[in-house]
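Asks: According to Swiss-Prot, the record shows the following:
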type: DOMAIN; residues: 8-171; note: domain 'Exonuclease'
type: ACT_SITE; residues: Tyr129; note: active site
Amino acid sequence: MSFSDQNLIWVDLEMTGLDPETHKIIEIASIVTDSELNILAEGPVLAVHQPEEELAKMDDWCTNTHTASGLVERVRNSKISEQDAVAQTIEFLEKWVPKGVSPICGNSIGQDRRFLYKHMPELEEYFHYRYLDVSTLKELTRRWKPEVLDGFSKQGTHLALDDIRESIAELKYYRETIFKI
């Protein structure tokens, strides 16, 4: 185990929609990497139970995607509450990174943070105020060197742990191709 203030916390959520005021978190996963993006540990992958009335608020894209992946069924069968998910995730993070030092890392991570702020504020407070958002590099690459984007593709399973692994791989790709480090 390598507890360090240099470690990075990667998070991904799956939600019933895009508005934290009306939609809910249905899956959370986390990974801790070192500063060189080597995976040190994978946290719990948790389907968060939500009642049928919350699942009914999903649009067609969410319903189709989360049903096809098996996530809707996992959510229905889950006994994990939002608070349980917070407690289990923090318990994992405390073994690897001190509170308040790691930026929240991921792809379009601002959206996830909005949901954490609304539905899991205790977990949101575990992160530094900064973001490490891979999608920022993607947007800059799309504008300044679009041919580089052809060299990386995602599976797009929209399962939280898979999405984190892809985000880490994508950042490694940009480091090697754009930054040449």
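The first residue you see is number 1, and the count goes up from there.
Glycine is treated like the rest: Cβ placed from N, Cα and C.
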Asks: 10 Å Cβ neighbour count around Tyr129 (active site)?
Replies: 8
Asks: Take every residue in the domain 'Exonuclease' (8-171), average their pLDDT values, and give the whole-number result.
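Replies: Per the prediction, mean pLDDT sits at 97 for the domain 'Exonuclease' (8-171).
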